[in-house]
There are 2 protein chains.
Amino acid sequence: MAVTNRDMANAVRALSMDAVEAAKSGHVGLPLGMADAATVLFRKFLKYDPTDPKWADRDRFVLSAGHGSMLIYSLLHLTGYKSVSRDDIRNFRQIGSNTPGHPENFVTDGVETTTGPLGQGIATAVGMAIAERHLNARFGDELVDHKTYVIAGDGCLMEGVSQEAITLAGHLQLNRLIVLFDDNHVTIDGSTDLSDNTDQCARFEASGWVTRKVDGHDEKDVTAALKWAQTQKKPVFLAVKTIIGFGAPKLAGTGKAHGGPYGADEIAGIRESLKWPHAPFEVPAAIEDAWKKAGERSKEARADWKKRLAASPKKGEFNAAIAGRLPKNLGKALVKHKKAVVDGGQSKATRQWSGDALEVITGLVPEMIGGSADLTGSNNTLTSHTPSLTPDNWGGRYIHYGVREHGMAAAMNGMSLHGGIIPYSGTFLVFADYSRPAIRLGALMGARVIHVMTHDSIGLGEDGPTHQPVEHVASLRAMPNMHVFRPADGVETAECWELALENAEGPATLALTRQGLKPARTTHTEENLCAKGGYVLSDCKGKAQAVIIATGSEVEIALAAQEQLAKDGVKTRVVSMPCMELFEAQDAKYQSDTLGGDTPKVAVEAGVRFGWDRWIGRDGGFVGMDSFGASGPYKDLYKHFGITAEAVAEAVKARV
Amino acid sequence: MAVTNRDMANAVRALSMDAVEAAKSGHVGLPLGMADAATVLFRKFLKYDPTDPKWADRDRFVLSAGHGSMLIYSLLHLTGYKSVSRDDIRNFRQIGSNTPGHPENFVTDGVETTTGPLGQGIATAVGMAIAERHLNARFGDELVDHKTYVIAGDGCLMEGVSQEAITLAGHLQLNRLIVLFDDNHVTIDGSTDLSDNTDQCARFEASGWVTRKVDGHDEKDVTAALKWAQTQKKPVFLAVKTIIGFGAPKLAGTGKAHGGPYGADEIAGIRESLKWPHAPFEVPAAIEDAWKKAGERSKEARADWKKRLAASPKKGEFNAAIAGRLPKNLGKALVKHKKAVVDGGQSKATRQWSGDALEVITGLVPEMIGGSADLTGSNNTLTSHTPSLTPDNWGGRYIHYGVREHGMAAAMNGMSLHGGIIPYSGTFLVFADYSRPAIRLGALMGARVIHVMTHDSIGLGEDGPTHQPVEHVASLRAMPNMHVFRPADGVETAECWELALENAEGPATLALTRQGLKPARTTHTEENLCAKGGYVLSDCKGKAQAVIIATGSEVEIALAAQEQLAKDGVKTRVVSMPCMELFEAQDAKYQSDTLGGDTPKVAVEAGVRFGWDRWIGRDGGFVGMDSFGASGPYKDLYKHFGITAEAVAEAVKARV
């Protein structure tokens with residue numbers, strides 16, 4: 001008897017529900033509902049080879065509704081990925097298994113991105129689709145020619161970030177992006193009627209997508225829709241009508257079908273209604289074979305692709321891009337740039353210095369794609385090497401993201417995960433809050449994305465407290481695996497850019513000033529002094545009576561205080577600490593030597609004290625902000641809030 | 001000669017451009033573009049009385065595109081608000097003036113909400129419109145019958161939060177909400193074609209709005225549209241076509257018209273093209289008079305309303321609601337509740353204790369409107385006193401916000417600012433990141449909104465690191481004017497709820513567990529021990545050798561460690577610190593007495609150390625997280641990450 005799409009889908013359903021029952025936790029509503037459509041996708045359309053999960057020209061599949069993780073684990077397992085064994089499925093949601101509660105790309109090969117926080121998957125997929133079209137423009141159809149598929153739920157489409165993603169994708173006409181909307185009309189609280197009445201097809205069409213309604217339990221209809229989707233000139237939205245918890249006698253179609261183990265009775269009922277008499281975690285051999293065959297569909301395509309790559313004159317360049325290797329001459333170029341900065345002796349804002357460093361870097365690293373959330377002139381992220389990436393020129397290297405900080409950060413994650421791109425982009429630091437869920441996911445996934453965040457304190461002046469980050473440097477420092485850099489001048493800015501690029505294991509934030517700053521580093525060094533996170537910038541003769549620690553724009557205040565204090569006979573050392581995380585990573589001796597052991601300390605930073613006691617102690621002095629800012633010229637604000645050399649000097653004197 | 005709409009609009013234009021030129025900073029593009037339409041609104045439709053900016057039944061006007069703040073300052077000044085004098089306009093964007101860079105409601109009477117971060121205004125306005133309909137249901141047409149008008153720009157509509165706001169408003173059929181979209185087709189980077197091609201009318205219609213296109217420079221067309229808007233059964237979206245920088249010879253219609261002083265030549269050109277020969281900051285008397293009259297339009301309506309209020313049997317109730325006064329019996333009811341909790345001796349999750357406290361509180365405080373971002377059953381925010389607020393029953397007290405954390409937080413700000421409502425709502429703590437821009441605005445504005453954030457650590461278990469907040473308690477503590485509460489049991493949860501409610505000057509976050517906790521407070525006290533932020537929960541006899549500080553779910557670990565250590569002859573004190581901000585606000589003596597002066601300290605909290613050195617010192621012990629979490633049953637995770645009584649005991653022993 002021939003194995004049908006439904007048989008194969010039922011294998012997905014059965015493994016999914018057995019896993020959730022065993023874990024006593026998880027979400028089986030989506031796998032039960034979307035199994036038929038996903039089976040069509042993995043059997044007939046998706047280009048993938050389970051023996052090579054990192055094959056560069058594979059289609060990307062993103063389960064944006066990440067709570068339905070058992071769908072993807074079942075599919076990976078059945079199609080033959082080694083990353084998900086039957087035991088992993090039995091150990092769903094247990095420590096050490098390859099099947100965590102939500103899909104995590106850094107745990108499970110075959111999972112393209114980490115999802116769960118709703119809307120992130122679809123927004124990340126937009127970045128993957130941009131990366132594909134860009135690399136296609138760079139390397140041609142013979143090396144880059146694939147699609148990005150997304151399964152998104154009602155929750156994903158309710159999240160605001162989905163709107164940013166949809167409108168960006170529609171604008172860029174990313175026709176290789178195909179979204180399957182699990183249109184089951186149910187969220188956790190119950191029917192979507194409780195909270196939403198949006199006509200999703202109309203919404204997507206309003207932003208330049210093509211749409212089609214599909215019966216998600218009809219193999220033929222899904223097949224026809226996906227076939228149609230292959231040839232569209234715009235991104236494709238398929239509203240795939242499904243029944244959540246398909247097959248569950250009592251729960252199907254209800255809010256309760258969303259998650260949680262259904263219990264023995266309901267599971268037995270599903271087995272009956274699906275005509276699936278097999279024991280938990282068992283799949284009949286014929287169905288297993290059919291799935292293995294589905295997993296072998298693209299073997300030949302991959303072999304052909306490998307031949308094309310081997311024969312391509314662009315092979316080396318392509319491999320370097322995909323590996324994310326930085327050019328060898330970058331370090332030297334930055335040393336040369338640093339020397340020119342020192343020799344020039346100019347006062348500039350660090351956002352401008354960042355633009356200058358980027359001019360050097362983007363000239364040497366063709367993988368870098370920049371952009372800004374509608375603040376190009378303010379963020380200084382556009383260089384002469386980065387023409388606009390537009391629907392007419394996907395080969396461009398600069399994205400006008402529009403006022404979409406969140407979608408921008410998520411798209412950057414997608415580009416980085418896709419491979420072949422090192423994304424960076426700009427906004428004001430205060431708007432890091434808008435993109436924080438995506439920034440966090442990037443940190444969790446260890447994605448190399450670089451957030452250029454300018455206007456980094458009350459130093460932005462007149463725009464006032466809505467635009468003045470006070471707690472943002474702290475809140476980003478609190479995030480694991482995030483490097484927050486706050487350089488003090490042109491040399492430090494170049495060094496921090498180098499450190500951000502060299503770390504392929506996680507994101508970086510560059511907090512940069514709007515206002516001009518005097519040079520802090522007046523002697524050229526080949527060594528990257530920022531690499532240790534904090535270092536002695538200016539020492540006194542003999543033992544310092546106090547150590548002043550500063551970052552970014554406050555380094556010049558610290559240096560001025562040091563000078564004032566010296567006149568009064570008080571000897572101090574100034575430590576510049578552009579990256580607290582890198583300083584924390586040094587050994588205790590380096591930390592102690594740099595900070596002068598028990599010497600009294602005063603820190604100055606135009607932000608909150610929160611987190612600083614680590615270095616200055618509870619009795620240390622802190623000159624900074626303890627409230628929101630205010631609107632006014634920045635020099636007035638520094639005085640108003642008492643962030644001055646005089647205040648630093650006083651805080652030192654009170655302690656020596 | 002009769003004063004025309006254009007004459008009056010030109011006064012707005014002139015004051016706006018003169019102010020920006022004087023400040024050498026600001027955004028005059030919007031005031032120049034929207035002056036005609038805004039003048040129609042303030043002359044013919046908006047219900048307001050400059051002599052009583054807090055009149056409860058006034059229409060609300062929200063400038064969502066807050067950078068165009070000079071529009072609102074000019075309007076307030078010309079219509080006769082005392083809050084904006086001519087000198088304030090001359091001192092635009094200077095410290096101490098009532099005209100900060102972006103509109104700030106806590107600085108300037110007549111400004112309804114603080115805007116600038118794009119999209120926030122429209123999302124906050126949705127909350128105002130909900131509040132109006134709800135209070136109308138409660139108090140009737142004679143006391144509550146007004147509208148909410150919004151001016152939003154392209155940037156507002158690109159931000160994802162706008163989608164959450166739009167879909168929520170469409171769902172709730174908030175027909176008193178009227179949005180004027182400043183459809184000028186320009187953002188900072190240039191034409192919107194650079195980044196967006198959305199058909200905004202189609203987008204709004206897809207979510208249940210009615211829409212109409214309007215010529216923003218044609219008084220008749222604007223008048224007709226606003227007249228039409230008054231009678232709609234759905235929220236109204238007017239796409240008001242304007243020319244940004246209207247009148248500027250070179251800049252009008254370009255990205256450069258958005259902001260920045262235009263310079264003397266261009267300003268002279270505007271004066272010429274507008275036929276406005278008057279000196280800077282001067283307005284002809286006839287035009288001033290016409291504006292003053294416009295400002296007096298609703299005098300009678302207000303007088304009538306005051307009569308109706310005076311005669312209303314609901315007068316006392318209405319005034320108490322608008323003032324946000326808590327009922328006098330609330331304190332006693334909570335003491336009774338605390339006693340019952342102690343007597344019951346139950347182990348429960350603090351999210352459940354929160355639900356129990358809410359059952360008491362919402363029964364006594366009719367102003368409270370609850371809700372959840374589609375996690376009602378998990379957040380325990382629904383009580384027997386809060387029926388659903390729906391399009392058919394605006395009088396309900398529970399909002400199914402859908403998966404819209406950001407829109408929810410912004411709507412809560414709007415309800416709080418409107419007055420008459422004390423909003424609270426729930427989501428998972430990790431998703432505080434989604435709503436952070438609105439949470440921050442609430443803190444900046446001092447709005448009383450209460451964020452119930454459950455599943456507050458790795459203790460949520462299997463959902464894994466995407467759902468496990470690790471840095472969120474820290475990142476919220478870093479925010480000025482935010483109180484973060486992390487109670488340890490049923491008694492502390494009730495006390496923290498009381499503190500959150502009693503603070504009318506700012507928001508609170510309640511971080512609550514998913515998992516069950518043993519009682520920490522086993523003796524009843526009438527006093528609210530959490531009021532000082534931290535207190536001695538369990539002391540030893542004689543002087544403690546170490547102090548263990550804990551919050552929330554880790555208090556039971558601290559108590560277990562204390563017991564273990566006592567067996568080993570080590571005497572310790574356990575301090576519970578449910579609110580670091582309140583503890584920080586105590587005097588040094590209380591802090592030192594509580595923490596035992598120089599006694600070695602160990603803190604235990606299932607989050608990052610960041611911020612804790614303030615209390616434990618650099619040499620203090622910390623048992624918590626230094627990475628993202630993992631997926632697994634929560635008891636396994638606590639062991640895996642070493643957050644155990646044994647680990648705390650070891651950290652203590654290493655220090656005594």
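Even glycines carry a Cβ here, placed using N, Cα and C.
Just so you know, TrEMBL annotations never went through curation; they're auto-generated.
Source: prediction; values computed, not measured.
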- Task: Figure out which of A:GLY155, A:GLY402, A:GLY461 sits with A:HIS67, A:GLY116, A:PRO117, A:LEU118, A:ASN184, A:HIS258, A:PHE431 in the thiamine diphosphate site per TrEMBL.
- Result: A:GLY155
- Among A:ASP145, A:ASP154, A:ASP218, A:ASP221, find me the residue TrEMBL lists at the same Mg(2+) site as A:ASN184, A:VAL186. A:ASP154
- Message: Checking your reading of the structure: which of the recorded positions A:GLY116, A:GLY155, A:SER378, A:GLU405, A:ARG514 lie inside a 10 Å Cα sphere centred on A:VAL186 (Mg(2+) binding site)?
- Response: A:GLY155
- Compute the C-alpha separation of A:ASP463 (substrate binding site) from A:HIS27 (site 'Important for catalytic activity'), stating it in Å without decimals. 46
- Query: the domain 'Transketolase-like pyrimidine-binding' (A:348-520): mean pLDDT?
  - Reply: 98
- Item | Residues from the recorded positions A:HIS27, A:ASN184, A:HIS258, A:ARG351 that lie close to chain B, Cβ under 8 Å, in sequence order | none
- Note on the structure: One residue among the binding-site residues A:ASN184, A:SER378 has the fewest other C-beta atoms within 10 A of its C-beta, namely A:SER378
- Message: Quick check for the class: what is the C-alpha distance, in angstrom and rounded, between A:HIS467 (substrate binding site) and A:ASN184 (thiamine diphosphate binding site)?
- Response: 40
- Query: Quick one: Cα separation, A:PHE431 (thiamine diphosphate binding site) versus A:GLU405 (active site, proton donor), in Å?
  - Reply: 7
- Message: I want the residues beyond A:ASP154, A:ASN184, A:VAL186 whose C-beta is within 8 angstroms of the mean position of the Mg(2+) site's C-beta atoms, in chain order.
- Response: A:GLY153, A:ASP182, A:ASP183, A:HIS185, A:THR187, A:THR192, A:ILE244, A:HIS258
- Message: What does the structure give for the C-alpha distance between A:PRO117 (thiamine diphosphate binding site) and A:HIS258 (substrate binding site)? Integer Å is fine.
- Response: 15
- Going by Cα-Cα distance, pick out whichever of the recorded positions A:HIS27, A:HIS258, A:HIS455, A:ARG514 is nearest to A:ASN184 (thiamine diphosphate binding site). A:HIS258
- Between A:SER378 (substrate binding site) and A:GLU405 (active site, proton donor), the C-alpha gap once rounded to whole angstrom: 15
- Query: How many whole Å apart are the CA atoms of A:HIS258 (substrate binding site) and A:HIS67 (thiamine diphosphate binding site)?
  - Reply: 9
